[in-house]
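Features as listed in TrEMBL:
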| type | residues | note |
| --- | --- | --- |
| BINDING | A:Arg41 | L-glutamate binding site |
| BINDING | A:Gly75, A:Thr76, A:Trp101, A:Thr152, A:Asp172, A:Gln195, A:Asn236, A:Thr237 | pyridoxal 5'-phosphate binding site |
| DOMAIN | A:3-347 | domain 'Aminotransferase class V' |
| MOD_RES | A:Lys196 | N6-(pyridoxal phosphate)lysine |
2 protein chains.
Amino acid sequence: MPVYNFAAGPAVMPAPVIAQIQRELPSLNGSGMSILEVSHRATDFDRIITDAEADLRALMQIPDDYAVLFMQGGGTGQFAAAPLNLATDKRRIAVLDSGQWAVKAAQEAAKLGRQVDVVASTRAAKYTRLPQMPDTLPAGQYDYLHVCMNNTIEGTAWHQAPRTGTTPLVADMSSNILAEEYNVNDFGLIFAGAQKNLGPAGVTLVIVRKDLVHQVPGLPSMLDYQLFMEKNSMSNTPPVFNIYAVGLVLKWLRQQGGVPEMQRRNEQKAGKLYAFLDQSRLFHNPVVSADRSLTNIPFMTGDAALDAAVVQAATAAGLMNLKGHRSVGGLRASLYNAMPLAGVDALIDFLHAFEQHH
Amino acid sequence: MPVYNFAAGPAVMPAPVIAQIQRELPSLNGSGMSILEVSHRATDFDRIITDAEADLRALMQIPDDYAVLFMQGGGTGQFAAAPLNLATDKRRIAVLDSGQWAVKAAQEAAKLGRQVDVVASTRAAKYTRLPQMPDTLPAGQYDYLHVCMNNTIEGTAWHQAPRTGTTPLVADMSSNILAEEYNVNDFGLIFAGAQKNLGPAGVTLVIVRKDLVHQVPGLPSMLDYQLFMEKNSMSNTPPVFNIYAVGLVLKWLRQQGGVPEMQRRNEQKAGKLYAFLDQSRLFHNPVVSADRSLTNIPFMTGDAALDAAVVQAATAAGLMNLKGHRSVGGLRASLYNAMPLAGVDALIDFLHAFEQHH
């Protein structure tokens, strides 16, 4: 029985990448040494990190005036790094409150002494739709506006970057980077923890417009964009294996046809699941149609005990980690790039059969 | 031909651990999911991180009044975390300047606004011996004293914790944790990046006396000991794979006989290499005998071109990554726990033969 992993993150990775890691684990490039043992100063690793950056640049069409950094600490690390590096002038940021991860970003910035203005929120609607970017965002008031592009918990996503005028846009893209096409030029800063759509947990991608990066006094080195930019992410030992694994995923993505092909597949996968849910008598997805995520799809019966029974039966059928986030309840299917269409079909078949026999 | 990896870090790992990782990579505990794909909230991972902490506690006899944290950012991360969490009262720390990594720790603390007093230094002796702990360290003047227990670059080590009286001792133990016995009670804080003696780069062990940890306002979450303590290192997604790999190394260490057995082997390995170097006409180690490291052994001929030729010939013979740190020159053999005696014997045989034919 095949197993399909619908976890929100850490999450499914491409099977050929897992197979390649396994195959070459004892000896990288015939060196007799494992990627787990290879120095970050070795030629082999230099090629790995250089390739990873080049592949990411190709996949996202990242212009030369943006730096690509490999950092540690996940989204939470960037909730601190972004204000510490970029909110140094007005020390004031705007936030679009689209869900829990946006709230966490706002809280971290506030903890670090930044003024945080929530300029729009759909909290009252239980985040079942996206807040609307105000037309009136005042120019020159904010160091940046923070947006969580894909709300992993609530299942919403901006499919176009919110328009912020001259205010730089800082985007948490952890759960849909490379899942759909965006124009990097619309952003001042994009960051993403790897563990959803890029590889194993332990490395964080940062794409930042170079003119926004400057020397900030008194910054911890591990959060210092300028230092990471100057040292090509190797001021100290980077997470070698994690970068290697992300690099393999990026190569796999290019082989598959890149982001346009991923978006096509993700629209197909998500489209099939949403179509099922929208016609189901038992299950429903609470998000308004235009704001639905391609990668994270919450759904529920309305009866918590029944939801739990569905999760249990699904697990027994090899459909894993479907339990919804406790704040939303019900179930959640995460359909990242590495989730094959067959997994979505199996899920729909299962849900359909459950509904029939219910 | 066997390959022996003498890199200073990332470094050699136990062969049985690499084999186990390879074997179970596609399916952790028969789950059909890779450790690279497993959620940090999964039962399987809970067992992994719980075991890792328990095994570390057993290996180092860590008392209950110390917390064990799994963080990110390596030693450099802790160069910031230690002063930010512990130097909040007097905002003043003492440093024993035993080499480059102690200097880096001092620089980071100073960058973060702490007053840093170097209370002893052997810089003038090119760090070929350890600075002597002053008898007169004034009580109540410093939040802590920082020491780098094993100086990876210079090849020196404290085999006993320096006595600091009532001043807490903060120890960077990155390159000799679990390589020799220390009494955890002598320390306020011990930290170690994994990539030398513990596993792959990307996770950092912190052992801290709980009474030194308190709520510090305005701290980035990823550097916040209190938060990591409260949340069992899982306030956000930890580096799952890296913790898993470290956990396997800890189990391997216990199977081998723990730290006393490692120390015995390391004394044997290092003893053989030092004995060879001390009788050699061609090679010498510059460190005074009492202060020599068990894990990092620099040596040289005194002729940079000849040193380079030795490195090149050694590499051809499968003795890898022997080039010394650029600041010391010559060669350096790192003999971490995972380096077998056979590797040291092969190195000595090679050096002996080189010397004979020179």
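Going from the start of the chain as shown, residues are counted 1 onward.
Glycine is treated like the rest: Cβ placed from N, Cα and C.
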Site with most surrounding Cβ atoms, counting all protein chains shown within 10 Å, from the binding-site residues A:Trp101, A:Gln195: A:Gln195
Conformational class of A:Lys196 (N6-(pyridoxal phosphate)lysine) under the three-state DSSP mapping: coil
Per DSSP, three-state class assigned to A:Asp172 (pyridoxal 5'-phosphate binding site): strand
Cα-Cα distance linking the residue listed as 'L-glutamate binding site' and A:Thr237 (pyridoxal 5'-phosphate binding site), given in Å to the nearest integer: 9
Cβ under 8 Å to chain B, applied to binding-site residues A:Trp101, A:Thr152, A:Asn236: A:Asn236
Whole-number Å value of the largest CA-CA distance among A:Gly75, A:Thr76, A:Trp101, A:Thr152, A:Asp172, A:Gln195, A:Asn236, A:Thr237, listed as pyridoxal 5'-phosphate-binding: 31
A:Trp101 (pyridoxal 5'-phosphate binding site) - helix vs strand vs coil (DSSP): helix
CB contacts for A:Thr76 (pyridoxal 5'-phosphate binding site) [other CB atoms within 10 A, all chains]: 21
Binding-site residues compared (A:Gly75, A:Thr152, A:Asn236, A:Thr237) - highest count of Cβ atoms within 10 Å: A:Thr152
DSSP-derived class (H/G/I helix, E/B strand, else coil) of A:Gly75 (pyridoxal 5'-phosphate binding site): helix
Spatial neighbour of the residue listed as 'L-glutamate binding site' that is closest, considering only the recorded positions A:Gly75, A:Trp101, A:Asp172, A:Lys196, A:Asn236 and their CA atoms: A:Asn236
In three-state DSSP terms, the structure that the residue listed as 'L-glutamate binding site' belongs to: coil
Coarse DSSP state, helix versus strand versus coil, of A:Asn236 (pyridoxal 5'-phosphate binding site): coil
